[in-house]
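Quick look at what Swiss-Prot lists:
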- Cys59, Cys63, Cys66: [4Fe-4S] cluster binding site (BINDING)
- Cys103, Cys134, Cys194, Arg266: [2Fe-2S] cluster binding site (BINDING)
- 44-262: domain 'Radical SAM core' (DOMAIN)
Amino acid sequence: MSASTTATTRHDWSLAEVKALFQQPFNDLLFQAQTVHRAHFDPNRVQVSTLLSIKTGACPEDCKYCPQSGHYNTGLEKQKLMEVQKVLEEAARAKAIGSTRFCMGAAWKHPSAKDMPYVLEMVKGVKAMGLETCMTLGKLDQDQTLALAQAGLDYYNHNLDTSPEFYGSIITTRTYGERLQTLAYVRDAGMKICSGGILGMGESLDDRAGLLIQLANLPEHPESVPINMLVKVAGTPLAEEEDVDPFDFIRMLAVARILMPKSHVRLSAGREQMNEQMQALAFMAGANSIFYGEKLLTTANPQADKDMQLFARLGIKPEAREEHADEVHQAAIEQALVEQRSSEMFYNAASA
């Protein structure tokens with residue numbers, strides 16, 4: 001299969017086709033992925049996001065990989081929903097270190113009616129700073145999805161995690177169909193989709209291919225596809241899983257790039273365990289988005305200055321964003337904070 005043919009956007013990939021991509025010689029696969037990547041993106045630009053946990057721990061879901069699950073004793077400090085003011089301050093700091101997108105994650109099965117007003121104010125406030133907004137809050141119903149869209153949310157993250165066949169071995173508290181339904185609600189509301197999965201949970205090659213097929217065969221490809229490497233946390237059922245072979249992880253990125261040529265493929269959780277050479281291969285394979293800053297929800301993430309040093313050595317620059325004068329952003333931040341101070345939710349979000 002030539003690189004030129006795979007640059008065409010498709011939604012009808014078969015398991016045999018995708019496994020054949022995985023099984024190519026490594027150099028051939030990287031060449032094909034890089035060729036597809038260059039057809040749609042500047043190969044030396046990477047989109048930079050910051051992720052903030054706005055509510056941590058005590059999640060009722062039983063995802064075997066997750067330290068935030070209330071089913072496992074991982075020693076994670078539980079935190080209630082963050083105050084809106086604090087979220088806006090963190091967003092301003094993310095913008096100052098170069099992020100163009102601010103992602104907010106809450107450890108919920110689904111957001112409750114009492115929490116939604118605070119969440120919507122967070123979206124509006126971050127949006128006013130000139131940042132793209134992204135949230136991951138669990139399963140959504142149609143009304144919640146429409147409310148988030150009306151508040152200005154740009155992206156909603158809802159990962160499929162793995163193939164439909166392996167999914168039941170990892171999670172029992174939410175069905176695969178529910179995840180797909182949430183993605184459909186998000187798309188119907190006009191928001192962009194961020195959806196990917198995790199490597200290193202004991203899945204097979206068929207499962208890795210199956211995950212990518214689910215994503216690539218959606219009616220529209222996700223705009224962002226995060227590929228995570230399992231971060232093994234003591235106390236979770238997957239704490240003793242074998243490490244992912246670095247070349248297998250790079251293959252996953254490359255095949256994701258080929259199947260979804262216009263999507264941003266994000267090098268996500270697990271990057272702290274990757275050396276610079278592995279990260280460079282990831283960018284060569286077509287990864288063009290990273291999380292940037294100190295923490296990725298509850299796991300360490302390479303420090304921002306290390307990222308910029310690596311970018312400089314590789315000749316990579318952060319993806320351009322629409323810029324406004326600093327005083328305009330400052331005015332937006334100040335206005336958002338003033339509005340929050342005049343609202344009861346500004347004070348009560350953490351205890352609601």
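The first residue you see is number 1, and the count goes up from there.
Each residue, glycine too, has its Cβ placed from N, Cα and C.
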Under 8 Å by Cβ from Cys103 ([2Fe-2S] cluster binding site), same chain, sequence gap 6 or more: Ser49, Thr50, Leu51, Leu52, Thr133, Cys134, Met135, Thr136, Tyr155, Asn157, Cys194, Phe291
Integer Å distance between the CA atoms belonging to Arg266 ([2Fe-2S] cluster binding site) and Cys66 ([4Fe-4S] cluster binding site): 19
Assigned element (helix, strand, coil) containing Cys66 ([4Fe-4S] cluster binding site), judged by DSSP: coil
Listed in sequence order, residues not in Cys103, Cys134, Cys194, Arg266 with Cβ within 8 Å of the centre of the [2Fe-2S] cluster site Cβ atoms: Ser49, Leu51, Arg101, Thr136, Tyr155, Asn157, Ser224, Pro226, Ser289, Phe291
Among Cys59, Cys63, Cys134, Cys194, which are binding-site residues, the residue with the most C-beta atoms within 10 angstroms of its C-beta: Cys194
Alpha-carbon spacing, Cys63 ([4Fe-4S] cluster binding site) to Arg266 ([2Fe-2S] cluster binding site), which is rounded to whole Å: 21
For Arg266 ([2Fe-2S] cluster binding site): intrachain residues, at least 6 apart, with Cβ closer than 8 Å: Gln47, Ser49, Cys194, Gly196, Ser224, Val225, Pro226, Ile227, Ala287, Ser289, Ile290, Phe291
Structural state of Cys103 ([2Fe-2S] cluster binding site), classified by DSSP into three states: strand
Helix, strand or coil at Cys59 ([4Fe-4S] cluster binding site) [DSSP, three-state]: strand
Around the Cβ of Cys66 ([4Fe-4S] cluster binding site), the count of other Cβ atoms that are within 10 Å: 27
